[in-house]
Amino acid sequence: MASGSEAEKSPEVVLEWPKKDKKRLLHAVYRVGDLDRTIKCYTECFGMKLLRKRDVPEEKYTNAFLGFGPEDTNFALELTYNYGVDKYDIGAGFGHFAIATEDVYKLAEKIKSSCCCKITREPGPVKGGSTVIAFAQDPDGYMFELIQRGPTPEPLCQVMLRVGDLDRSIKFYEKALGMKLLRKKDVPDYKYTIAMLGYADEDKTTVIELTYNYGVTEYTKGNAYAQVAIGTEDVYKSAEAVELVTKELGGKILRQPGPLPGLNTKIASFLDPDGWKVVLVDNADFLKELQ
């Protein structure tokens, strides 16, 4: 991937970049069977805003971006509808998204009374703790954890994925992507461990929640959830760091860094050691897309 002087960089120099880069979680991408139904559900039940929508007839798909704030500052959900496909397999590996709210009971009642989503876990304290949570399921089967919290600039607060080796995954996200381990919690009574990773405090930004279930090393991925996009100041340097870490911990570069045809947005993509896809997007190019 690198050439000339770049090829001579020591691993230490390459791995310094993720520590000083200004990365940000941009959006999660997944597929839905009825785009208008999902937009209606998320806006009416969860209180999200439809941020933008684009139809690409030559490639037979439509995208919609939803969230609680503008994409230049907030995380978004990118929904993809592929013409004629009304059902997907979510698989066992994807866990949930999470929404922070000041009143879980009130939000759950709103969902019950006027929504195509359904409450699958009634509001109440989390097992073994005091945080009030509930779970809702959207029409495609995606789960949303509702978490009671004070006011936050980012209500869309988690993407939860299951992994087969938590320590390996933590090391990968720290070294390759410069994330911070914000919290780690073992729950032996229920045989799982979680780790929260991100670029700022949990109550201020979106984080990746990685879950390890005791003894489970592999999960089915299905074809519904696609990827998370992360903004970076330099796609080339970021991809170089990722490629180096994949040699140590596993994973795979899928797309070498470079501009997308037509858009000219510079991206790179890769799989983490568990096969979860991540796309790196140039921060400046992403902001141009939003104009």
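Cβ from N, Cα, C; glycine included.
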From ARG24, ARG31, ARG149, ARG162, the one annotated by Swiss-Prot with ASN82, HIS96 for substrate:
ARG31
Can you give the mean pLDDT for the domain 'VOC 1' (24-149), rounded to a whole number?
96
With H, G and I counted as helix, E and B as strand and the rest as coil, say where DSSP puts GLU145 (active site, proton donor/acceptor).
strand
As a test of the contact definition, list every same-chain residue at least 6 positions from ASN82 (substrate binding site) whose Cβ is closer than 8 Å to its Cβ.
ARG31, LYS60, TYR61
By CA-CA distance, flag whichever of HIS96, GLN158, GLU209 among the recorded positions is nearest to GLU145 (active site, proton donor/acceptor).
HIS96
How far is it from HIS96 (substrate binding site) to GLU209 (Ni(2+) binding site), counting Cα to Cα, in Å?
9
Between GLU209 (Ni(2+) binding site) and GLN158 (active site), find the distance joining the two CA atoms and give it rounded to the nearest Å.
6
